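Per TrEMBL, the feature domain '23S rRNA (guanine(745)-N(1))-methyltransferase N-terminal' maps to 18-51. Among the features that TrEMBL reports, Zn(2+) binding site is placed at CYS20, CYS23, CYS37, HIS41. Among the features that TrEMBL reports, S-adenosyl-L-methionine binding site is placed at PHE79, GLU106, GLY107, TYR193. As annotated by TrEMBL, domain 'Methyltransferase' applies to 94-215.
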Amino acid sequence: MKKITRGKLFLEENYSLFQCPVCQSDFIGVEEHSLCCQKGHRFDLAKKGNLYFLIGASKNEYDKEMLQSRYRIAQAGLFNGILKAIMPELTAHQKKDALLDVGCGEGSQLAFFADQGIKGPKIGFDISKDAVQLAATHFEQAFWCVADLAKSPFASAKYQTILNIFSPSNYQEFKRLLADGGQLIKVVPAENYLGELRQLLYQDQSNKQSYSNQEVVDKFKEHFPKMTVKQVTYSFDLKENDFFDLLEMTPLQWGATKEAVEQAKKQPLKSITVDVVLLIGKK
Ligand SMILES: [Zn+2]
């Protein structure tokens, strides 16, 4: 089946999960390859079966190389321990329980859950066009779109689970989107996340060698007071290419200098610590 046909079939079955980001009215259906709202706004499926809801310029936070690196290291399994820890929270999903991945990046995390047999429609979105194109290239297990939570194309109270893995939050919006009894699962780095890499890059800045997520956890608790917290910590063995991908993927976000990155390339790490907390809140 062509990717655009697959995308069309998904929309025909699931258009009620979306709302028009221009006028906030409901979508009434799919014509040809366009999703159409009550007031006549249309959004066309791209060849790869993905959709661009975001109108105007999207600010590109990630460049393509960095996304490719993230894809490769995700395929190598760096994040699998995190995803496996999330699995028990998703196994109760029924055929109609929608899963939304906020800031899905290059798509591998949502594809993982689809491959594990988690039921229900799966939608991944990101503000980065490059990320969504990569996701649509590699994975057919989910529906991908470019969107911005500030101009949300998602309908109210339709989502059983919202995943928010290493990406910014908009709690008001999450609460609007969650179905009654739905859950928000947020993953944030913990103190020793990629600790060996931090030490390598910030050898003379000890204040940058560790990280505190306290502010993020407190904020989550304000919005979801009955939250549960799960710590996930493991060590991942790095092959040489994995190390270079890791180096390509992370330091830019941390603001490391080019010199520090060049220096780090000469001292490849053999293993890396993954240390995160899962914050789980129910509506
Ligand atoms: Zn509209």
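Counting starts with 1 at the first residue shown.
Even glycines carry a Cβ here, placed using N, Cα and C.
Of all Cβ atoms in the protein chains displayed, 29 besides its own lie within 10 Å of the Cβ of GLY107 (S-adenosyl-L-methionine binding site). Beyond the ends of the domain '23S rRNA (guanine(745)-N(1))-methyltransferase N-terminal' (18-51), by six or more residues, the same chain brings 2-8, 10-12, 132-133, 135-137, 140, 143-148, 151-156 to within a C-beta distance below 8 angstroms of the stretch. Screening the binding-site residues CYS23, CYS37, PHE79, TYR193 for a C-beta under 6 A from any atom of ligand 1 leaves CYS23, CYS37. Cα-Cα distance from GLU106 (S-adenosyl-L-methionine binding site) to CYS23 (Zn(2+) binding site): 29 Å (rounded to the nearest whole number). When the Cα of TYR193 (S-adenosyl-L-methionine binding site) is compared against those of the binding-site residues CYS20, CYS23, CYS37, HIS41, the shortest separation belongs to CYS20. In the three-state DSSP scheme, CYS37 (Zn(2+) binding site) is classed as strand. In sequence order, SER108, GLN109, VAL274 are the residues of the chain that are 6 or more apart from PHE79 (S-adenosyl-L-methionine binding site) and have a CB within less than 8 Å of its CB.
The binding-site residues examined here are CYS20, CYS23, CYS37; by Cβ neighbour count within 10 Å, the least packed of them is CYS23.
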